[in-house]
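The annotation domain 'Flavodoxin-like' is assigned in TrEMBL to 15-159. Look at TrEMBL and you will find 21-26, 68-71, 106-115, ASP141 tagged as FMN binding site. Residues or ranges marked as domain 'FAD-binding FR-type' by TrEMBL: 215-460. Under the heading FAD binding site, TrEMBL lists ARG359, ARG391, ALA392, PHE393, SER394, GLY425, LEU426, CYS427, SER428, TRP669. As annotated by TrEMBL, NADP(+) binding site applies to THR511, SER566, ARG567, LYS594, VAL595, TYR596, VAL597, GLN598, ASP631.
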Amino acid sequence: MQGSPGRTPMPNTRLLVLFGSQTGTAQDVSERLSREAWRRELGCRVQALDSYPVVNLINEPLVIFVCATTGQGEPPDNMKNFWRFIFRRNLPSTSLCQMDFAVLGLGDSSYAKFNFVAKKLHRRLLQLGGSALLPVCLGDDQHELGPDATIDPWLHDLWEKVLGPHPLPLDLSLTPPGVPWPSKFTLKFLQEVPSTCSEELCVTGTDPQGPPSELQPFLAPMVTNQRVTGPSHFQDVRLIEFDITGSGVSFVAGDVVLIQPENTASHVQQFCQVLGLDPDQHFTLQPREPGVPCPARLPQPCSIQRLVSQYLDIASVPRRSFFELLACLSCHELEREKLLELSSAQGQEDLCEYCTRPRRTVLEVLCDFPHTAGAIPPDYLLDLIPLIRPRAFSIASSLLAHPSRLQILVAVVQYQTRLKEPRRGLCSNWLASLDPGQGDPGSLGRGAVRRAPFPRVHHSQSWARALGLRAASRRLPPAIGPVRVPLWVRSGGLTFPKTPDTPVIMVGPGTGVAPFRAAIQERVAQGETGNVLFFGCRQRDQDFYWEAEWTELQTRGCLTLVTAFSREQVGVGGAGRDAGGADSPPRPALQEQKVYVQHRLRELGPLVWGLLDLRGAHFYLAGNAKYMPADVSDALTSIFQEEGGLSGPAAAAYLARLQRTLRFQTETWA
């Protein structure tokens, strides 16, 4: 956003906002900065860090960096190239001596490396000669009011610093909060439905014969969709297999597959009804300002139905900026007043109580404000609602064991808040709803809205082009075909040793075992037998994934399996009365004592130490990022002290050396 039509940004204030975002929060904060700059008549550009030519930083006078920290202190995917460049050792210490900068970080203080990326970037920019306008801002998801509790006062100080040498001219004033900023795009509705199936993906500069990517996913037939947890288990976990024959997809152990989900048919219908939109209406999208690209995957022209079902994330929990813009667009006095309150700094506790804590969705909020929703100009749809982001899953199979197949292990996300309807994860529930045994007459999946004009395809190749996806075959698919899911593959965070006879120790509780199944299959196929797997779950008969496969590999001498069933141990604790009577001496009462993978590691400390120190083993960890990684690291440190005779500092240094040399790797998720 660079200012509204008819308004000239102040001279000599070239503000650049660069963001690294994994889930969209950093991008949302960056766009907030842009809006606040617009209200102050400041020119502002917003870009993802990896889309910005980093060598141009030497010419930028004022830059705000907004960056999240992911996993165990790692940068988001869309700033990894920038991250590698900015930490080159050969960069001169005066490279950024002309640049004023500020760093805003987004993290979660429950993790050991809280806001690690923002802190490290701030130090590096100082090393390269940059001048910090403010101390680094450490936004915290754990704060009861979310990261805005820290961001709001920091931004207040930021604008004072920025506007100090560039005050507003006397004839200009700050644009009030209730005035809407210009939409990024205009939707030009077509009077007639295109005569041919013209909903094609317009992609420039891509090789249609190259491997599938986000711009050109592969439309993979789903082969199986099987629940692998017991009927009494609290969670539905699915083993899903796709046929990737003819796709050009290739992967090795440790890689991940990205899947582009879609909204349910009922939600799409409800959204269109609340906003008064015709799902069959077609439009073209035009940016308001030059140089602003349209969303890369959005076809031109496009139908409202496709925009809502496959692009707008109406099932996401809206951020504060959503309420801010909705208030600006509202013409209903009572609804506008409430929306302004929820978007204000003073109303953040109310916003958390209404929306964040119960995980209320965009669609549910719009239904709560029907007069406002019915008056939303279509031009603002892409400003108001974020795009659906692809979801990443660890690949759970090897091409050496399952040629032309790709398998994933999916925990279906569903939980209850104080709202009547359960909260459901968009991608996992969409995948779980797909039935590979049911024919698909012309949509991405069973949940997609079907309408007459779109599936009428009469010429070769137009099916895949109409969906903006690759087809395994260049021939027209039959009228009834398999359920297909758009996907592509990228490198993951785990790389396994290439040298023969190098043992690997893998710790994968729950669905964290998925990448290790791929690794074990790959290594066994290559004749590698030094595979040690620590697997943890609740109960052997409910969520012991691939038990038969592990048992068979153990029998063959290809795997050492160590299990921890956390709900099957009974320990001693508390006090009770013996059944003999009141005068009997008290005896301990039996109660559950949970055992996790870190406990098994400690029990087998001699094995772990011997493999690491004597045989050069690599250690891998995958699973939930909350507590398990720290618990496993503590267990390893204890093993190094007890079995290796190292002091506390020496044990910590030994662990750090394993991490630095990539002999200790993690892949975790929230």
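Placed from the backbone N, Cα and C atoms, the Cβ positions cover glycine too.
As the structure is a computational prediction, the values presented were derived from the model and not from experiment.
Positions of the features from TrEMBL, shown on the structure.
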residue: SER21; record: FMN binding site; Cβ contacts under 8 Å, 6 or more apart: GLN27, ASP28, SER30, ALA48, VAL66, CYS67, ALA68, PRO76, ASN78
residue: GLY71; record: FMN binding site; Cβ contacts under 8 Å, 6 or more apart: GLY493, ALA625, THR666, GLU667, THR668, TRP669
residue: ASP108; record: FMN binding site; Cβ contacts under 8 Å, 6 or more apart: THR69, PHE114, ASP140, ASP141, GLN142, ALA670
residue: TYR111; record: FMN binding site; Cβ contacts under 8 Å, 6 or more apart: THR69, GLN72, GLY73, ALA625, LYS626
residue: SER394; record: FAD binding site; Cβ contacts under 8 Å, 6 or more apart: VAL256, ILE408, LEU409, GLY492, ALA514, PRO515, ALA518, ALA622, GLU667
residue: THR511; record: NADP(+) binding site; Cβ contacts under 8 Å, 6 or more apart: VAL237, LEU409, VAL410, ALA411, TYR545, GLY623
residue: VAL597; record: NADP(+) binding site; Cβ contacts under 8 Å, 6 or more apart: VAL507, PRO509, PHE534, PHE535, GLY536, ALA564, MET628, VAL632
Most crowded position, judged by CB atoms within 10 A, among LEU426, VAL595 as binding-site residues: LEU426
Candidate nearest ARG359 (FAD binding site) in space, where candidates are the binding-site residues GLY24, ARG567, ASP631 and distance is Cα-Cα: GLY24
Summary of DSSP states over the domain 'Flavodoxin-like' (15-159), given as helix, strand and coil counts: 58 helix, 35 strand, 52 coil
Residue with minimal Cβ packing [other Cβ atoms within 10 Å] among the binding-site residues ALA68, ALA392: ALA392
Fewest other Cβ within 10 angstroms of its own Cβ, chosen from the binding-site residues ARG359, ARG567: ARG567
Neighbour tally for SER428 (FAD binding site), based on other Cβ positions within 10 Å of its Cβ: 21
Nearest of the binding-site residues (GLY24, ARG567, VAL595, ASP631) to LEU426 (FAD binding site) - Cα to Cα: GLY24
C-beta crowding around ASP631 (NADP(+) binding site), within 10 angstroms: 15
Local Cβ density at GLY24 (FMN binding site) - other Cβ atoms counted within 10 Å: 16
Of the binding-site residues listed as GLY24, ALA392, SER428, the one whose CA lies nearest the CA of ASP631 (NADP(+) binding site): ALA392
Inter-residue Cα distance where the pair is ALA392 (FAD binding site) and GLY24 (FMN binding site), in Å: 15
